[in-house]
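Colleague: Please read through the structure below; I'll follow up with questions.
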Amino acid sequence: MIFFFKKRYHVFLKAPSIRLMPCSFFFFRSFIKVIFIIRCIFFSSLSGDSCPTQRSRSTLACMFTSVPVAPTVVPGVVYSSGVHEEWKEAEQKLLDGCLIHSEGDGATKQIKEKLTSRNSQSVRCDLCAKMIESRDEEQIQEHFQVHHAALSLWCREILASKDNLLHYGCIPSGHIVSCGNFVLESAATLDMGRKTFDVIERAFSQMSQVISCFVRNLVLFPFGSCVSCGCWDGVSDADFTAIGLQDMKKGKWPPEDEKKVILRLTAALRKAGFFFGELEPLVRTRVPVVRRVQKVRVPLRSHGEHDTYSVVWSNSKEFSSPPRMLVEAAISSTVERKDSDTVTFHFKDSLKAVKFFCNSAMCGPRDMEVSWKTGSQLPEMFSLDFDLSCRAQGVRNSLFLRKYFQQDPFVRTGYLFLKKWSKLYGINNAKNGYLTSYAMSILWVHFLLENGLVKFVRPADVEPIPDLSQQKMSYLPLLRDDGDGGERPSDVLKSPELTMLRGALGGLIPLFFLYYTRIRWDKVVVTLRVPGGGPPVTPDSLGWVEANEVKCGPLRDRVWYRLCIDDPYEDNFNLGRHLSPDKASFVKVQFMRALASIVAGRPQQLLVDEQKFAEETMPAYVTRLSVQGELRNLRPVTVSALRQLLIDSAGADCVAIYEASHNWETLLDMASTLNNKSKEGDDDAEGVTNNQEGEPPDHVESCEAPRRHLLCSKMHSIDDALLVAGPLGVSDANIPAGLLGVYFLARGRAFRTAEDRDNFLMHAEAVSAARARGCTTREEILERVADAIPSIVRNGTLLDDLLVSGSEENITVQSPVVVETRCAETVQRKKSKGSKKRKNAVRRGNHAGQGTCSECGASGTDLWEASDKSADDGLYCGACWKAYNCQKN
């Protein structure tokens with residue numbers, strides 16, 4: 001009957017006489033909806049729905065809104081994943097505020113009730129982000145005792161030794177000189193010169209053109225370290241913000257629909273040629289942004305006189321006269337006609353090329369396709385990673401800090417070095433709830449103010465509403481007050497003009513760590529609102545006390561006052577609000593450890609990526625323990641027992657740093673798997689016995705227990721060989737398959753630790769890059785290496801081994817030109833209209849366990865196979881499948 005009504009309904013719509021009867025049409029449409037509701041109630045009662053009335057209300061709401069209703073799951077029925085994926089997508093969109101709905105929307109209420117009940121029963125750990133399925137305080141403490149006990153004990157022991165560190169006395173002058181040399185050499189690589197800074201300026205102009213073309217009434221501004229410090233290292237992310245100046249002057253900015261503005265900006269960038277997968281709109285953060293991260297980073301190229309930017313314009317239908325935009329583009333470019341429907345425009349000016357591309361994508365004919373020519377030079381905006389928001393505070397903050405940083409080179413140089421140090425030591429990581437680069441700049445400037453080393457700048461001296469003149473980014477050399485910058489690290493130590501700067505940095509960096517080791521965080525608020533030298537601002541005066549902390553709720557809503565860093569402009573806003581007691585202790589410990597490294601004369605330890613080493617070292621030591629048979633006594637394997645074994649082997653520092661951002665589930669599963677495999681081998685060996693003497697036969701004895709002993713013996717012999725080989729390592733051809741997880745491999749060599757491997761890679765890549773640039777003599781190569789590796793880190797023995805003829809057979813030398821060409825060939829950016837979906841496109845198939853992604857190379861992640869293995873037999877992670885689906889759609 002339902003089919004009959006639907007069929008008659010469609011015939012009814014086609015009848016021409018009905019168009020003159022709007023009233024009859026309205027009543028018939030209402031009748032069909034009533035029949036559809038009755039059908040839903042009937043089938044929901046058959047499927048065992050406990051509340052068919054509520055189900056029908058949700059269905060009725062779905063007919064008038066765009067929110068999909070949660071599917072009713074019938075036991076014993078296998079459903080396709082598409083319905084549930086749609087439900088999850090709608091839930092995510094509702095959380096992000098992307099759906100428009102009314103208060104009485106039934107589907108909206110279902111989603112809200114589901115989320116509320118789920119959030120009310122669980123809480124997320126602020127260290128490892130694991131969901132704890134209860135808000136009970138005992139279970140929360142149990143989670144911390146199980147997964148983060150080593151971190152807590154490690155922090156307590158180091159903080160208890162603070163008095164011993166402070167009573168050490170004066171730092172030897174030789175260590176201060178070493179620190180100054182290392183800081184200056186490292187900082188020299190953070191400013192690539194005026195020509196490199198021009199790249200980000202041109203990229204900003206191109207981004208401004210894109211925004212003005214697709215999103216009206218918004219003006220793009222730069223901010224961040226490129227504005228405050230006036231230089232760029234050619235690698236760091238850029239920060240941009242799109243602001244409605246007219247609305248801001250009326251007090252209507254940021255807009256209420258800020259999340260929708262971010263989505264509009266994302267759509268505009270995609271229309272300009274950015275891939276779907278490399279743009280990620282983050283609308284659930286405190287400041288919504290769209291983040292661009294490249295999977296294949298395009299090498300930077302300085303603009304040359306003969307550079308051209310090619311746009312391919314094609315149309316499937318011929319037109320009598322060319323559109324006006326083509327005529328205008330032909331005037332300012334070189335036109336190359338390939339066939340009757342494809343034209344290539346070669347522009348000398350990248351900004352004109354971007355303007356033509358955007359106008360074509362927005363106003364071109366319907367059957368038109370415009371793309372950036374594969375293999376040709378791309379505009380500079382495609383070579384940057386960036387964050388794009390629509391808040392104005394970042395512009396004001398950057399201009400305010402620039403007034404401090406431009407006072408003296410040591411101010412901006414010290415900040416950029418500390419910014420790099422804080423990222424490597426894990427305390428500058430806003431994504432995981434630690435400090436931001438902006439907070440680190442406040443800490444540095446506050447320290448300088450308290451010691452009278454910079455002049456006080458009133459925050460009110462910077463206007464809250466940006467001016468159009470502030471769109472221009474002016475270059476400021478890092479190490480000098482004037483010039484083109486781009487100092488070579490090998491020259492900065494020889495320059496007599498930088499002697500004072502080197503001495504200032506060598507003394508101030510240790511004093512900075514000493515200042516924040518001594519500070520009483522419960523008595524002092526770090527602020528730039530008052531001049532230094534006066535009475536400190538206390539947490540009590542601002543109400544930033546423990547009694548006012550928000551300890552529950554979502555991570556982004558929790559507020560702590562263990563480390564108080566005052567924002568210069570936003571009232572009652574603590575930049576350290578996400579530092580829980582455990583995180584605050586970790587930050588304090590890192591300040592102390594940095595000071596201890598300088599006191600011990602090892603400043604190179606300041607730029608060691610401890611987080612990365614811990615993530616790589618822990619699985620390797622679990623494998624080593626399995627080979628040694630240490631895990632066989634742990635049945636079952638527990639976290640506490642495994643933790644103690646790793647502390648004894650890898651060290652307490654490595655385990656604690658790992659626990660600062662991870663839990664033990666992955667390592668526990670790995671250890672249990674290895675232990676079960678070992679146990680299966682033992683059971684097989686014990687099951688085959690000699691009937692007379694109860695001993696295993698010879699073939700079992702030779703295959704099981706001796707095999708483990710041989711593997712362990714081989715591992716010890718490799719360890720001895722590594723001690724003899726030194727920093728060059730040994731050939732990975734000597735590593736058996738069962739020991740590949742124990743050692744760290746790179747360029748055909750094997751190493752005992754991840755730090756040894758990275759040290760080898762640093763030297764090998766420096767030598768390879770020098771040879772690729774045409775350096776042939778030993779002196780030329782060493783000169784290039786001196787620009788890439790600080791003197792205190794440079795290993796002469798390793799360089800001698802690498803420069804001996806024939807010793808670099810396993811080191812791949814890849815020319816930068818080859819890399820650049822390969823990147824240009826793989827990046828194909830186009831915007832087409834009226835394109836059809838691929839009929840035989842593969843979809844995500846079954847879960848295939850964990851491993852290495854065939855696309856991005858991420859290891860230790862969940863993988864899914866393709867639905868059609870004959871078309872694609874790879875295994876890909878969730879992020880790559882998401883990017884593939886976006887591009888496919």
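A Cβ is built for glycine as well, from the same backbone N, Cα and C atoms used for every other residue.
Sharing the record's features from Swiss-Prot:
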| type | residues | note |
| --- | --- | --- |
| BINDING | Cys125, Cys128, His143, His148 | Zn(2+) binding site |
| BINDING | Ser225, Ser236, Asp237, Ala238, Asp239, Gly394, Val395, Arg396, Asn397, Ser398, Lys419, Lys423, Ser437, Tyr438 | UTP binding site |
| BINDING | Asp237, Asp239 | Mg(2+) binding site |
| BINDING | Arg286 | RNA binding site |
| COMPBIAS | 829-846 | compositional bias 'Basic residues' |
| REGION | 675-702 | region 'Disordered' |
| REGION | 829-849 | region 'Disordered' |
| MOTIF | 565-574 | motif 'Nucleotide recognition motif (NRM)' |
| SITE | Asp387 | site 'Important for catalytic activity' |
| ZN_FING | 123-151 | zinc finger |
Colleague: Please count the residues of the zinc finger (123-151) that DSSP assigns to helix (H, G, I), strand (E, B) and coil.
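Modeller: Grouping H, G, I as helix and E, B as strand yields 14 helix, 4 strand, 11 coil.
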Colleague: Taking Cα atoms as reference points, which of the binding-site residues Ser225, Asp237, Arg286, Lys419, Ser437 is nearest to Cys125 (Zn(2+) binding site)?
Modeller: Arg286
Colleague: I need the nearest neighbour of Ser225 (UTP binding site) among the binding-site residues His143, His148, Arg286, using C-alpha distances.
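Modeller: For Ser225 (UTP binding site), the closest Cα among His143, His148, Arg286 is found at Arg286.
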Colleague: Checking your reading of the structure: which of the binding-site residues Cys128, His143, His148, Arg286 lie inside a 10 Å Cα sphere centred on Asp237 (UTP binding site)?
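Modeller: Cα within 10 Å of Asp237 (UTP binding site): none.
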Colleague: Where the distance is taken from Cα to Cα, which of the binding-site residues His143, His148, Asp239 turns out closest to Asp387 (site 'Important for catalytic activity')?
Modeller: Asp239
Colleague: Can you check which residue among the binding-site residues Ser225, Asn397, Ser437 has the largest number of Cβ atoms within 10 Å of its own?
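Modeller: Comparing the binding-site residues Ser225, Asn397, Ser437, the most crowded Cβ belongs to Ser225.
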Colleague: Using Cα coordinates, what distance in whole Å links Cys128 (Zn(2+) binding site) and Arg286 (RNA binding site)?
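Modeller: Cα-Cα distance, Cys128 (Zn(2+) binding site) to Arg286 (RNA binding site): 20 Å.
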Colleague: Look at the binding-site residues Cys125, Cys128, Val395 and tell me which residue has the greatest number of other C-beta atoms within 10 angstroms of its C-beta.
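Modeller: Compared across Cys125, Cys128, Val395, the most Cβ atoms within 10 Å surround Val395.
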Colleague: Would you work out the biggest C-alpha to C-alpha distance among Ser225, Ser236, Asp237, Ala238, Asp239, Gly394, Val395, Arg396, Asn397, Ser398, Lys419, Lys423, Ser437, Tyr438, the residues that bind UTP according to the record, and give it in angstrom as a whole number?
Modeller: 24
Colleague: Please report the Cα separation of Lys419 (UTP binding site) and Arg286 (RNA binding site) in Å, rounded to an integer.
Modeller: 22
